[in-house]
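Trainee: Starting off with a structure, shown below.
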Amino acid sequence: MKAAKACIDLSALQHNLQRVKAQAPESKVMAVVKANGYGHGLRHVAKHANHADAFGVARIEEALQLRACGVVKPILLLEGFYSPGDLPVLVTNNIQTVVHCEEQLIALEQADLETPVVVWLKIDSGMHRLGVRPEQYDEFISRLKTCPNVAKPLRYMSHFGCADELDSSITPQQIELFMSLTSGCQGERSLAASAGLLAWPQSQLEWVRPGIIMYGVSPFSDKTAQDLGYQPVMTLKSHLIAVREVKQGESVGYGGIWTSERDTKVGVIAVGYGDGYPRSAPNGTPVWVNGRTVPIAGRVSMDMLTVDLGPDATDKVSDEAILWGKELPVEEVANHIGTIAYELVTKLTPRVEMEYTK
């Protein structure tokens, strides 16, 4: 019997992608598969996200992995290329790139490429992380349009900083700025990622870029993906390796941070921070065992965690324990831990077995 295992429901992935298409019917879909498909397995995700019109990645290595496994659809390097030496690789493998800074623009102007590269100009519409500032926009447009290494027409994109906050005044300002700058442009545009396409439909332009929602995880702090009609793709599970009697007043685990207030039974589950489950998970973080949630009791260790099963528990060694999934939303677990679900699904370690089902 394996210990921690991540079960990936590929039919749920396909359901979610179809739902994105239904919610943004006038847009083409760029499925974002960076960070190993948000921890779900890049190659499997790309193979089964076959209704996507293109793929978005963060690193050139991810793009090359997609090409190596037979993906022929467009691939966009969302952070752009890191050095001039990457440009011939983009040409050879037909990879599109974002341009967000002067250094990338100069590299394109100085390169000697066999064929032009498809470029998306990233505009800093208000997040202030990457992108061309509005006062730089005209100069960048002029230089990119006259650069022989840039395929025409030029494309345009930006990224929201607060799209998951529905009362934010920043997002409408970002939309207004982006639309005013790109009004009348011939090239295609992209503004909405997961939160944008769900909460700000006016940002659904020629392309949308679903990321976390495609994996059945909500971008919002107050809603699960299931609340929004999406299905969890990942279920992280393990099993009980011990059920122990603990007396009132006895402490459990490193540091003795949990002390039992009554005689009870404590279950030991074969999963820990060595598998990517956060050591920071506090007492009370829920785990699903035999049809109910039970609280973590004690500090998460490298290979194990402990839960309070209750004094009348009938759970047995080898019974299944679900850390998150359909029965226990990953968003709920993340809220208890004080993090976001994105972090939980992307931080599983290689020793977690990946099991794919359709």
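Heads up, the Cβ atoms here are built off N, Cα and C, so glycines get one too.
OK, Swiss-Prot features for this one:
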- LYS34: active site, proton acceptor (ACT_SITE)
- TYR254: active site, proton acceptor (ACT_SITE)
- ARG129, MET302: substrate binding site (BINDING)
- LYS34: N6-(pyridoxal phosphate)lysine (MOD_RES)
Trainee: Name the residues of the same chain, 6+ apart in sequence, whose Cβ is under 8 Å from the Cβ of ARG129 (substrate binding site)?
Mentor: HIS159, GLY161
Trainee: Per DSSP, to which secondary structure element type does ARG129 (substrate binding site) belong, with helix, strand and coil as the options?
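Mentor: In the DSSP reduction, ARG129 (substrate binding site) maps to coil.
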Trainee: Would you mind checking how many other C-beta atoms are within 10 angstroms of the C-beta on MET302 (substrate binding site)?
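Mentor: So the number of other Cβ atoms within 10 Å of MET302 (substrate binding site) is 11.
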Trainee: Tell me the coarse DSSP state (helix, strand, coil) of TYR254 (active site, proton acceptor).
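Mentor: Looking at the DSSP assignment, TYR254 (active site, proton acceptor) belongs to a helix.
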Trainee: List the Cα distance (Å, whole number) between TYR254 (active site, proton acceptor) and MET302 (substrate binding site).
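Mentor: Approximately 11 Å lies between the Cα of TYR254 (active site, proton acceptor) and that of MET302 (substrate binding site).
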Trainee: Expressed to the nearest Å, what is the distance separating MET302 (substrate binding site) and LYS34 (active site, proton acceptor) at their Cα atoms?
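Mentor: That comes out at 27 Å between the alpha carbons.
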Trainee: Most Cβ neighbours within 10 Å: which of the active-site residues LYS34, TYR254 is it?
Mentor: LYS34
